[in-house]
Amino acid sequence: MIFSSLCFKLDKQNIYIISVSGGVDSMVLLDYLYHLQYNLVVVHFNHLKRKESLEDKILVEKYCFSNKIPFYYFELQIVGKNFQNEARILRKEKLKQIAEKYKTFYLITAHHLDDLAENILFKISRGSSFLGYSGMQASYFHDGFYFLKPFLYTPKKKILDYASDKKISFLEDYTNSLNMYTRNKIRNQVIPFFKEINNFLKNIQKFHFQMSEINNLIRKQTYFFLDKRIDKTFFNLQSFLKLDIVIQKDVILFLLEEKKIDKNFSLINNIVKGLQNNNKPNMQWDFLSKECILVKQYYKFFWKQRNSEVISKNFKPSIHYASDKNFLSFCFATQKIFYDQNCLQPPFLVRTKKIGDILKFSFGTQKLKKFFINSKIPLHERKKIWLVTDQQNIIIWIPNLYLNSTLGRDKFLYLGLKKENN
């Protein structure tokens, strides 16, 4: 066997969604995992950029048909300026859709050691964080899914040798040889030069290990800071400022990643310096996203929805729910909630606060009154805030303030509020 081992072991009880382009890397990975008898579902993407794309589809589909592997095909129409980034985001979304269909959490791509070298050099050329400099990770968890790269420590040469030895059919995308993108220039010009130096790829792998270890240590401290918060609606500024500067920057990096906001070294520094500035107790960063604003307010900082409507007693909203957010486009506020089978009792109700109302958190419960006090909600505003409950009178959602995360994770649906005149 050409590959002595994967960079980690995969459990054969799971179903794996694998992205296959028809190129040598993904065709070899598909063939390798198939012959190891893993449960695979193949997804192929057509970016509508090449006339030869249909041949790619036929090749991958034929392999899947011959080996009785489920096959899915998507055409991606990308109109934005940043083609590569937008294509990557769309591919991830489609892979997650198929994973949800098969009730699995595992997504596989065929990135290898040469790709890792390219990724690290690209990040160094652009400037990045510890996480960025360490390059792509062999496995990571994001948005409820595990993204896996079993060949990440496998050199391209071994993949080509396997394809030749096993007579694997594949098609190469000629655009990979065009130096129209920075990544292509690094792949085609810079990496071949460095490969002339002894042990270049081995040293890239060592560098990756070392940077990943450093990043993991830093990220653990970030998680500790985030997890120990009692009130999840804001971040305590004093606690934040007690952290080492490296951890402060990683906390901001994590928050930007969580909101899917483009981040860079200058932006992270700008935010950290603003939070450290005692002469400006009130600040906000309103250029980060179309959806939200980062606000510094005396002893705390928090995310605030941009242009969010004030939900007040001037009108009573009606509550709606659906399995697809697109069905709630008429609502002015929507929220995705997760729950287990018997932990939620529709239909849902909208009401204002009552004496004795309790909020549930992962750490326990808290009176709604205390929650409002801690959140610095003025007394006159508290009566105007609408709560969403189920038939058991469990408070599920307070728009822009609270979401019940104790209901489970097996299922999900979307809640929406529609403005109704009294």
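Cβ atoms here come from the backbone N, Cα and C positions, even for glycine.
According to TrEMBL, the protein has these features:
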type    : residues                                 : note
BINDING : Ser21, Gly22, Gly23, Val24, Asp25, Ser26 : ATP binding site
DOMAIN  : 348-417                                  : domain 'Lysidine-tRNA(Ile) synthetase C-terminal'
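Location within the structure of each feature annotated in TrEMBL.
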{"residue": "Ser21", "record": "ATP binding site", "Cβ contacts under 8 Å, 6 or more apart": "His44, Phe45, Asp56, Val60, Ala110, Asp173"}
{"residue": "Gly22", "record": "ATP binding site", "Cβ contacts under 8 Å, 6 or more apart": "His44, Glu55, Asp56, Lys57, Leu59, Val60, Phe170, Leu171"}
{"residue": "Gly23", "record": "ATP binding site", "Cβ contacts under 8 Å, 6 or more apart": "Ala110, Phe170, Leu171, Glu172, Asp173"}
{"residue": "Val24", "record": "ATP binding site", "Cβ contacts under 8 Å, 6 or more apart": "Ile159, Leu160, Ala163, Ile168, Phe170, Glu172"}
{"residue": "Asp25", "record": "ATP binding site", "Cβ contacts under 8 Å, 6 or more apart": "Ala110, His111, His112, Asp115, Phe151, Lys156, Ile159"}
{"residue": "Ser26", "record": "ATP binding site", "Cβ contacts under 8 Å, 6 or more apart": "Ile18, Ser19, Val20, Thr109, Ala110"}
Query - Structural state census, the domain 'Lysidine-tRNA(Ile) synthetase C-terminal' (348-417) (DSSP three-state) - result: 11 helix, 27 strand, 32 coil
**Report entry** Structural state of Ser26 (ATP binding site), classified by DSSP into three states
**Finding:** helix
